[in-house]
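S.K.: Before we start, here is the structure in question, set down as structure tokens.
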């Protein structure tokens, strides 16, 4: 099984579990009853709605919000209809004559309410998650970072090369479309490497990993090269739309940061610490060194599975605004 399919399966199982929890609430609070068949149905529906949201709908690049809403309603309705027919057929086959008409009418009403609540609750959750960030929404809901916590994290800065000249050459509207295409090609590598999108800053994106997830299989190194591959794979589309293939630079660093929920009118989970500043300063040396990807010595000494890559050492590099000198490594695919 590919990394993408295993990650997708895991996410759909999560939405299936959410479907079970929502179904329990519907049964116990609204109907004051418990039926195991409706719990199973809740899992199946949650799983399928997750599949629709995370895979099917994301393959359609619909620009108008009205079209997206119509497509979502249509797919939700078809999904519910197919599951109800299949699940109802199986249920009748198992229960046979014990399933009288009165019970069937009650179950139909219960199933309709359950279907609507589960489908749209999961859909809303995944839409909010797409806006706030994967895993960030659950951290908000659980209140994980109400109190500041110190964490060891990897940070990666990715920046589009020659962004100012590109903007002047193709214009603001085309440049906005270019950035969307550019960041869209990053989506799959982010998903497969368990990265967290921290911030978009103009033509720059900041990614983060908890220490264990970043170290595992050298996820943070894989992301860069998977993104590079996606850009190259779609080069003909970029050339056709914009007249060139975009290039980018990246830097990676690991360090301790304070993670906390900040803000009142607008809340966000913020990272504060020297690790981010150091990573930004490392990226400034990509162009002078003629390299696309630089990492700190801390990353080089920490990551696993680095035998798949070649490294070029740049010793005793002075970073702007820093007193200490740093050993940096350019990362190249073997």
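Glycine residues also receive a Cβ, built from the backbone N, Cα and C atoms like all the rest.
In case it helps, TrEMBL gives these features for our protein:
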type	residues	note
DOMAIN	154-283	domain 'Guanylate cyclase'
TRANSMEM	12-32	transmembrane segment
TRANSMEM	38-57	transmembrane segment
TRANSMEM	69-94	transmembrane segment
TRANSMEM	114-137	transmembrane segment
S.K.: Other than its close neighbours in sequence, what residues sit by the transmembrane segment (12-32), given a CB gap under 8 Å and a spacing of at least six beyond its ends?
M.R.: 38-39, 41-51, 53-54, 110, 113-114, 117-118, 121-122, 125-126
S.K.: Please spell out the DSSP helix, strand and coil residue counts for the domain 'Guanylate cyclase' (154-283).
M.R.: 70 helix, 40 strand, 20 coil
